[in-house]
Amino acid sequence: MGFKLNPFSKKPKDEEPLPLEQYEASEQKILGLVTKKEAKLLAIAGTGFLLDSYDLFIINLVSPILAYLYWGGLTGHQDYPSGIRGVVNAATNIGNIMGQLLFGFLGDFFGRKFVYGKEMMVVIIATILIICLPDRIPTPTAKMMWLFAFRVMLGIGIGGDYPMSASITSEQSLINRRGALLAWIFSNQGWGTLAGCVATLIILACFEKPLNDRGEYTKLNGVWRIQFGIALFPAVIVLIPRLRMQESEQFKNSKNMKSPGEGDLDSASQIELHDFKKKESLTAEFTTSSPSTASLSDKKNPGSVHIRPNNEVAPSSAPSRAPSTTSVESNTEGKESDIQTGSSFVSYFKEWRHAKLLIGSALSWFLLDIAFYGINLNQSVILQEMGFNKGVNEYHILQKNAIGNLIIAVAGYIPGYWVSVVLIEVMGRKWIQIQGFLICCLLFGVLAGTWETISTGGRFACVALAQFFFNFGPNTTCFVIPAEVFPSRVRAFSHGICAACGKAGAILSALLFNKLTEVIGFGNVLWIFFGCMVAGAVVTLILPETANRDADLIDRLEIAAMQQGRTSIIDRSEKWAWWKHGI
């Protein structure tokens with residue numbers, strides 16, 4: 001095995017799958033892109049994210065209908081309180097936090113197979129309860145509380161999909177294709193948003209005669225229920241395949257503390273960690289290779305460190321915490337209880353080198369989602385600020401609002417995701433995340449400084465570009481990095497924590513956006529988003545570049561180093577070490 005120092009170098013074409021992988025590299029690819037098994041994984045997990053995005057963002061298109069139906073919008077005296085609007089908009093994100101933490105923990109504790117699919121059951125039940133809102137509920141506020149309660153439940157199911165799909169995809173992908181597959185799955189959020197816009201336009205077209213010709217706006221009561229109810233179809237379709245998904249072999253090995261590969265680690269003294277004395281780096285671009293390939297790699301990368309073939313440590317195997325019976329035995333005497341405890345989540349993150357990765361991943365996601373959801377959950381409000389709320393009647397206003405959302409989705413939202421899919425293995429995660437933060441920062445600065453004077457076309461272009469660089473930027477990488485930077489034994493819960501922090505930012509934005517817009521104006525709210533983008537770019541510097549990073553192998557090497565009395569496997573004197581390994 002070798003470790004290449006250049007995180008952006010070309011991967012060997014003959015790279016073999018990870019030892020415990022379910023997908024064979026030699027399998028014929030569909031259209032030269034993905035294998036059949038990868039396509040199945042993308043369909044099962046990707047459909048879930050399409051559904052997740054649809055459910056999360058459809059409230060953006062339903063909210064004006066709720067204002068018309070229940071808050072006097074049809075009488076010309078609309079009074080949809082910003083506080084209640086914010087709570088209803090934030091409901092799914094509140095549930096997301098619960099679901100991400102709960103299912104992330106359960107995914108690590110019980111296993112991926114036991115948990116996967118259960119979150120979709122919650123989504124199906126919650127969606128049915130949402131569309132069954134009783135008309136006999138007397139007050140608009142009570143109706144909104146019904147929607148709030150069951151959209152929280154919906155959010156729990158949607159939230160559970162984040163850590164589970166991320167962990168399963170990461171553990172069942174080739175290491176040099178992992179980022180692209182994770183980004184591909186996450187990109188289905190773009191299609192979900194597009195589906196919401198298209199579905200709304202089709203539904204409105206079906207109701208054109210009663211709404212536009214006869215002015216029977218009570219029919220909107222059926223429109224919003226259909227908007228929510230459409231999500232049931234993909235949810236039911238994907239449920240059975242998820243329940244039948246096999247356990248990740250990589251995860252099973254991580255939980256089997258006495259697996260065959262574990263014994264190899266007891267010979268940790270045979271790992272050539274003496275290279276640290278020569279100031280050589282371990283944590284860089286990781287590739288699995290045959291002995292001959294490793295030798296070739298070493299010639300190109302003289303700083304690589306070897307594991308002897310007869311004592312090969314499988315990257316996907318769980319780390320052993322048992323004391324060595326070789327030359328390191330004396331160093332581990334009296335430490336056995338600490339080592340055994342070290343397999344737990346708390347013990348893993350009590351070390352600063354691990355804790356800072358969790359902090360950096362979580363904080364960057366938090367800062368991103370303040371701006372990302374501030375824009376997306378209130379895109380209809382923003383379109384109104386741009387003049388998209390004008391029309392002959394309510395029907396045309398709703399139609400124009402959906403068209404505006406559709407244009408932004410097509411112009412910036414979806415292309416941004418797919419540029420990430422294409423370039424994530426070329427540019428690396430860290431660079432994409434930082435440039436996305438900085439360009440969004442620039443765009444928000446332009447909008448904030450010129451909001452009162454810039455033309456409608458200029459506003460629209462800036463918002464569309466911001467959507468592009470959100471997705472060709474931190475919105476994609478904040479999902480990918482936690483799935484790659486943590487080892488399998490803590491991956492799902494760690495990803496859940498990071499995602500939950502992101503949703504905390506989304507909730508904060510959803511609750512405060514409308515109120516702050518009323519108090520300080522929309523332009524000044526954009527200055528807050530500007531600050532979040534600057535902070536996000538700075539926080540990203542904490543994180544390592546995760547392209548081709550094998551977190552399980554790093555975990556095992558850290559344990560081997562610990563057994564030899566070493567505290568780190570990183571050479572900070574290496575050129576660009578601050579970028580490769582984080583500051």
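Each residue, glycine too, has its Cβ placed from N, Cα and C.
According to Swiss-Prot, the protein carries these features:
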COMPBIAS  284-296  compositional bias 'Polar residues'
COMPBIAS  314-327  compositional bias 'Low complexity'
MOD_RES   S267  phosphoserine
MOD_RES   S269  phosphoserine
MOD_RES   S289  phosphoserine
MOD_RES   S290  phosphoserine
MOD_RES   S292  phosphoserine
MOD_RES   S330  phosphoserine
REGION    282-338  region 'Disordered'
TRANSMEM  56-76  transmembrane segment
TRANSMEM  90-110  transmembrane segment
TRANSMEM  114-134  transmembrane segment
TRANSMEM  144-164  transmembrane segment
TRANSMEM  184-204  transmembrane segment
TRANSMEM  220-240  transmembrane segment
TRANSMEM  357-377  transmembrane segment
TRANSMEM  406-426  transmembrane segment
TRANSMEM  431-451  transmembrane segment
TRANSMEM  461-481  transmembrane segment
TRANSMEM  493-513  transmembrane segment
TRANSMEM  519-539  transmembrane segment
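Contact between the transmembrane segment (357-377) and the transmembrane segment (519-539) holds: at least three of their C-beta pairs are under 8 Å, each pair 6 or more apart in sequence. Using the rule of three or more Cβ pairs under 8 Å, pairs at least 6 apart in sequence, the transmembrane segment (184-204) is in contact with the transmembrane segment (406-426). Under 8 Å from some Cβ of the transmembrane segment (220-240) lie the Cβ atoms of residues 44, 47-48, 50-51, 54-55, 58, 61-62, 65-66, 68-69, 117, 120-121, 123-124, 127-128, 130-131, 133, 135, 196, 199-200, 203-204, 207, 211, all in the same chain and six or more residues away from its ends. Taking Cβ pairs closer than 8 Å, the transmembrane segment (114-134) reaches residues 48, 51, 55, 99, 103, 106-107, 143, 146-147, 150-151, 153-154, 156-161, 164, 168, 225, 228-229, 231-232, 235-236, 238-239, 242-243, 245 in its own chain, all 6 or more past its ends. Of the recorded ranges 56-76, 90-110, 144-164, 431-451, the transmembrane segment (461-481) has the largest number of C-beta contacts under 8 angstroms with 431-451. Packing against the transmembrane segment (493-513) from elsewhere in the chain are residues 83, 86-87, 89-90, 93-94, 96-97, 100-105, 107-108, 159, 162-163, 166-167, 345, 358, 361-363, 365-374, 377-378, 381, 478-479, 482-483, 486, 525: each is 6 or more residues past its ends and has a CB under 8 Å from a CB in it. Nonlocal intrachain contacts for the transmembrane segment (144-164), taken as residues 6+ away from its ends with a CB within less than 8 angstroms of a stretch CB, comprise 48-49, 51-52, 55-56, 59, 66, 70, 84, 87-88, 91-104, 107, 112, 115-116, 118-127, 129-130, 133-134, 137, 479, 491-493, 495-496, 499-500, 503. Outside the transmembrane segment (90-110) by six or more residues, the chain places 55-56, 59, 116, 118-119, 122, 147-149, 151-164, 167, 345, 373, 377, 489-497, 499-500, 503-504, 506-507, 510-511 with a CB less than 8 A from a CB of the stretch.
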